[in-house]
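Noted in TrEMBL for the protein shown:
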- Glu181: active site, proton acceptor (ACT_SITE)
- Gly217, Ala218, Ser219, Met220, Gln221: ATP binding site (BINDING)
- 28-51: transmembrane segment (TRANSMEM)
Amino acid sequence: MESNSSLNEKSSIVSNDRSFSLQTKWPLLIALGALIIGVIGILTISMMYGLTGGVYPTDYGVVMDAGSSKTNTIVYKWRSDKHKGTGCVSQEVTCLAEGGIAEMDPMKLDPVINCAKDVTKHIGPEDRPKTPLFFAATAGMRLLRLTNEARAEEILKQLNDHLNETQLSVRAIEIITGEDEGIYGWITANYLQQTLEIPQKFDPWEPTTYGALDMGGASMQISYALPGEKHGESETKGLTLYGQVHNVFSHSNLCFGRDEAERRYRYLLLKDTKATTIDDPCLPLGKTYTITWANLFKRPCTNSTRFPEITKSPILDVNYTFVGLSSPEKCRIAVAKLLNNTMCEQYQFKECFKKLDNIPDDQQYLAFASYFFTTDFLNVTKGSLEEYEDAMENFCSKNYTEVQKISKSKFATQYCFNSKYIHHVLTSGFGFRNTTWKNLMFVKKLQTKMLDGHWVI
């Protein structure tokens, strides 16, 4: 079957002039989960109105969000006769494919392709050719591109070939930048919080929007609005939404999502590559964790000059076993090394953490994904910084038997590391303190019955 779309080879789908309008750029469909009519605009809507005798059609959109550990495929349905081209959205059907596409054989992408085909069955044949499909790969594929660009491009090519067999209108298949991912998180959060149509007040400037904090498996994003005069910053983009101009700062830290941060944390625990049993202060006493040589060393986020003997003579058949200690203080010291840029540069890691010590303290921040799951597990989503720290210290002191009494979840043993890491990121990385911790809102779902709090769910 001849492809009806071509691969978009850009790493970013935000316009190069760093300013774009809600009603004229297709990429924002991804940001709002296919909420927006896009470039068909008012003219096409008006034509539909005339041709149908005043009865607006129902539109669909399909968004595929390929994260580092899974791909979510969602069909959205909205009415095209809504305010300023933005429809009232409902989520019709979802399909989850476990596993990151970056880890898959380019010729064996069946779980992802089958999800696209399955959700297409919920769209009538007459609607499929006009239903846009957007495929956005995030940090997992950004990491793959760092080490094997040819493989990343082959995965995108195979996706393009197979997704066009769905009869949907494939508009983009891309690896988006971390900054764009942060922008989409900000737009989604504020759209769902219904803040985008509230006029900004600049004299004095009073923020009317929320900042967004997202932590996935391979990267983390932070985004927030700035006063107009800050528009010149390199990571700030101008957004025209509902006639209002928002200058949004967005920053992404690749390799500092939860999973990759934990991998680098364990890499830094090693003192000698020949020692295959290593103490892990963040892991509960009585629990062990085993990882292969390849998964510890042959990864973009642990590629460094720290162990040159590994590069010269790989130890391919060795496993490393980490033994839990339940030591809160040693855990804190070990986790702090992740944000130590002097150490990062010394070992020549490709990605180092960028600290932000001047984020606005006059607005609230919606923190989701790993931020929410960790604070929810500790039962401190609405607590103070002191309450968070007390819960963190208490949990990190528990042994494996005690942890199992609290939760049988396979993720339960990760929450000491999670809590210490998130604490260090928020306090040392982004500058939250006792007086500003109250600005953080840890949320799983925003104030809507239709969408989760993720940028494309």
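Cβ from N, Cα, C; glycine included.
Same-chain residues with CB within 8 A of the center of the Gly217, Ala218, Ser219, Met220, Gln221 CB atoms, the ATP site residues themselves not counted, are Ser68, Thr138, Ala139, Gly178, Asp214, Met215, Gly216, Ser252, Asn253, Leu254, Phe256, Gly257, Arg258, Glu260. The Cβ neighbour count for Gln221 (ATP binding site), using a 10 Å radius and every protein chain shown, is 28. In the three-state DSSP scheme, Ala218 (ATP binding site) is classed as coil. Only Gln221, of the binding-site residues Gly217, Ala218, Gln221, have a C-alpha within 10 angstroms of the C-alpha of Glu181 (active site, proton acceptor).
Remark: Ala218 (ATP binding site) has Gly67, Ser68, Thr138, Ala139, Gly140, Arg142, Leu143, Leu254, Cys255, Gly257, Asp259, Glu260, Cys301 as non-local neighbours, by Cβ distance under 8 Å and separation of at least 6 in sequence.
Counting every protein chain shown, the number of other Cβ atoms lying within 10 Å of the Cβ of Gly217 (ATP binding site) is 21. When other Cβ atoms within 10 Å of the Cβ of Ser219 (ATP binding site) are tallied across all protein chains shown, the result is 28.
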